[in-house]
Amino acid sequence: MRHWLMMLLVMAVATGALAQSGNSPATAQDIYPLATEAERERFDRLLNELRCPKCQNQNIADSDAPIAEDMRDEVYRMVKDGADEQTVVASMVERFGEFVHYKPAFDARTALLWLLPAIVVLIGLLVIVVIVRRSGNGGEDDGAHLTEEQRRQADELLRRQ
Amino acid sequence: MKRALLFLPVIVAVAFGIFLYTGLGKDPQELESALIGKPVPAFELADLKYPDRTLTPDVFQGQVSLLNVWGTWCPACRDEHDDLIWLAEEKGIPVIGLNYKDNRNQALRWLQDLGDPYQITLFDPQGKLGFDLGVYGAPETYVIDKQGIVRYRHVGVVNPEVWEQKLGPVVRRYQQEGS
């Protein structure tokens, strides 16, 4: 009986605690309230696409650096004013350089970055073509130069197995 | 011919190795400013010492100057402070300060206690100009030419070595240009 009471008590406390922690945590919507779903999506995409100049390899959604906070505020202000994605990105690139964008524009300096995967795949294809051709060359006339007699012998050997 | 072809992978590997090796010594934190060759972004900021005085990019006109971004919260700014005084007093280089995200009283006390190398200090508590300049960590020092155009950016502490190797040559080049 006492065990049962104890258990009930524990359960009551636990559910109470759960209910308390159930208060929803602060979301982006609380800190940066936006009117429409489209704006919220744009804001989210921008935060994930822009890179923090201080803590490199973090986007500004992720980073806690003061500069990332400033950038979030500025992106928020621009999105709220109805700026589209390109405008926001361009204004950040203007300040911090191409570095700030996870998808840098294609130009002479980033050409290698963008083209390298294609170049590597091309080299791979070339290597495959060469290897296949080479091995194919040896096989093509296999058996063609055999005399009738040799052919008969070969058939016999194969049949024996 | 075929023999030579066999060495191709080695040659490619060595070339790639050299390419990667040259990248090793580089500091990934050092980003080139997007503003090089462009005028200092427009601003209207109060003077740190005279709150009623409004300053605009005109403060850069007519002289090649250094724009030094600092704050009392920034330990590295303390490190370079004596060298900035050395630059201003011994070398006669005009240094404009940008007090970045700071508190006016603390900033004034700092200049009183440590000495003031700055010709003028812009007071930017919200970090607005700093943001437009692309400042991502103090201290940063820019070379601004006589027309108010950004010519160079140095991220990190200024010391005699940085002056001799990086800032000095740029300042001298633009000093000669218009004179």
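Counting begins at 1 with the first residue displayed.
In case you wondered, yes, glycine gets a Cβ from its N, Cα and C as well.
Those TrEMBL annotations? Automatic predictions, nothing curated.
Here's what TrEMBL has on this protein:
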- A:1-19: signal peptide (SIGNAL)
- A:26-158: domain 'CcmH/CycL/Ccl2/NrfF N-terminal' (DOMAIN)
- A:111-132: transmembrane segment (TRANSMEM)
- A:139-161: region 'Disordered' (REGION)
- A:142-161: compositional bias 'Basic and acidic residues' (COMPBIAS)
The compositional bias 'Basic and acidic residues' (A:142-161), counted residue by residue under DSSP: helix, strand, coil: 13 helix, 0 strand, 7 coil
Positions whose Cβ lies under 8 angstroms from the transmembrane segment (A:111-132), at least six residues beyond its ends: 104
